[in-house]
Amino acid sequence: MNNLIMLFIIVPFLAFVLLALNVLLAPKNSYEAKVSAYECGFLAIEGQTRSTFQIHFYIVAMLFLVFDLEILLLFPLAVTLYQVSTYGFVIALIFFFVLTIGFVLEIGSGAISLTNTHE
């Protein structure tokens with residue numbers, strides 16, 4: 001069986017069948033606390049339904065993802081370092097150099113400082 005047939009026909013069909021079985025066989029015992037907007041078990045305090053969100057945490061999370069993907073991209077190089085020759089090693093050094101410049105610029109701009117100086 002061809003892999004593309006498996007990918008584009010059988011997998012979506014299986015996903016649809018499993019979703020349909022879930023809709024048909026899942027217990028439907030909803031109650032007021034479950035369908036309310038606050039299903040965590042706490043009642044909402046009047047006037048305090050929204051809390052302040054500091055964008056700094058979002059920036060730190062995005063920077064973490066960027067550097068996490070850097071490790072993901074460098075893992076194949078580390079595994080095959082003996083086979084990539086000098087050219088692959090030089091490309092990896094350039095990659096490290098560009099990322100180091102980005103990291104230094106982030107530190108310089110204060111994007112990853114954990115002190116709350118942006119109030």
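The backbone N, Cα and C atoms fix where each Cβ goes, glycine too.
For 6-25 (among others), the entry in TrEMBL reads transmembrane segment.
Residues annotated as transmembrane segment in TrEMBL: 57-78 (among others). Cβ atoms under 8 Å from those of the transmembrane segment (57-78) belong to residues 84, 88, 92, 95, 99, 102-103, 106, 111-112, 114 of the same chain, restricted to positions at least 6 beyond its ends.
Non-local neighbours of the transmembrane segment (84-105) in the same chain are 66-67, 70, 73-74, 77; each lies 6+ residues outside the stretch with a CB under 8 Å from one of its CB atoms. What TrEMBL records for 84-105 (among others) is transmembrane segment.
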